[in-house]
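Single-structure report; data block below.
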Amino acid sequence: MTMASYVIALGTISCLIVAACAGSFYDEMDITFGGERAKILNGGQDLSLSLDQYSGSGFQSKNEYLFGRFDMQLKLVPGNSAGTVTTFYLSSQGAGHDEIDFEFLGNSTGNPYTIHTNVFSQGKGDKEQQFHLWFDPTTAFHTYTILWNSQRIIFLIDNIPVRVFNNHEAAGIPFPKGQPMRVYASLWNADDWATQGGRVKTDWTHAPFTANYRKFNANADKAGSNSKSTTSVNDNQAWRTQGVDAAGRNRIRWVQNKHMIYNYCNDHARFTNGLPVECKRSRFL
């Protein structure tokens, strides 16, 4: 079996696992902007966000969490999605906020989406890694996961790890671990930067643009409570100490060698005074 077919098989298994423990959007989420552009469908099992020339749309979790595993299935805007940004992320609020981002930057028809990841701690980010995918994210649902514990953050796509951000507080690098975060998602226009650095603009003749979400699962600790999120059925607490094993490290290397298009840790032109400290340390500890 090739690595690519192995990855696809793993993704299929992952989707089945997540499907078994998904919560209702009515119970878990509040629509935050966009009015009727955001629709909860199918008895709470599905949610669609739309963008037109007047507004985008978005939602957030009713609960705040301090560590956990957060899964969401997305099917992105098809066709000419240039200028649009679809998101799934965690964030605290206020000055010095923490944030863990999946952003999906649209593109003109026939060109690939850019998957943009970033980590903010105490209000500072600048830790971007970007990828193209090994599948078309607009034709079917795929599972995007943020796993966040006190030791590390792992970004996964169809249960395949694509990035690890480790806790290196001992070296003076801030790590998001003291501020509870909500889950957020949105679809909005960012054609000043999102597609090819802003060179390709949103074509409003294709509006409304629509992205679809389903099967949200938070296996996580609610802030201010010792109880876990009731969204999870399997009650699997492996996320609390989960790292990346040898097989996972091989998968990360495959993704980063074949599909990574930007890594801040290689951007010497940007960091003229030297790369960030964490870039000199192991990616996988």
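Cβ from N, Cα, C; glycine included.
Taken straight from TrEMBL:
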type	residues	note
SIGNAL	1-22	signal peptide
DOMAIN	11-213	domain 'GH16'
ACT_SITE	E99	active site, nucleophile
ACT_SITE	E103	active site, proton donor
CARBOHYD	N107	N-linked glycosylation site
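Recorded features from TrEMBL, shown on the structure.
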residue: E99; record: active site, nucleophile; Cβ contacts under 8 Å, 6 or more apart: Y89, L90, S91, S92, N118, V119, F120, G125, P176, M181
residue: E103; record: active site, proton donor; Cβ contacts under 8 Å, 6 or more apart: V85, T86, T87, Y89, I115, H116, T117, N118
residue: N107; record: N-linked glycosylation site; Cβ contacts under 8 Å, 6 or more apart: S81, A82, Y113, T114, T195, Q196, V200
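Averaged across the domain 'GH16' (11-213), pLDDT in this predicted model comes to 93.
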